[in-house]
Amino acid sequence: MGNTSITIEFTSKFWPYFTLIHMILTPISLLIIITIMIAILNKLSEHKTFCNKTLELGQMYQINT
C-alpha cells in the first residue's frame with residue numbers, strides 16, 4: 001500500500017506540470033508546422049510562376065523567329 005500512495009502522490013504533483021507543458025508546446029509546434037508549410041507553398045508558387053514565365057518566353061521566342 002505504501003508504494004501505491006507514493007505513486008499517486010507523484011502523479012498528482014506531476015500531472016499539472018505535464019498538462020501545462022503540453023498546453024504550451026502544442027500551439028508552438030502547430031505554429032512551427034504551419035509556418036514551414038506556408039514557406040514551402042510560397043517557394044513552390046514562386047517556382048511555378050518562374051516556370052510559367054520561362055515557358056511563355058520560350059513560346060514567344062518560337063513565335064517571333
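Cβ atoms here come from the backbone N, Cα and C positions, even for glycine.
The range from 6-15, 46-55, 56-65 that Swiss-Prot describes as region 'Interaction with host BCAP31' is residues 6-15.
Secondary structure from DSSP puts His22 (site 'Involved in opening and closing mechanism of the pentameric structure') in a helix.
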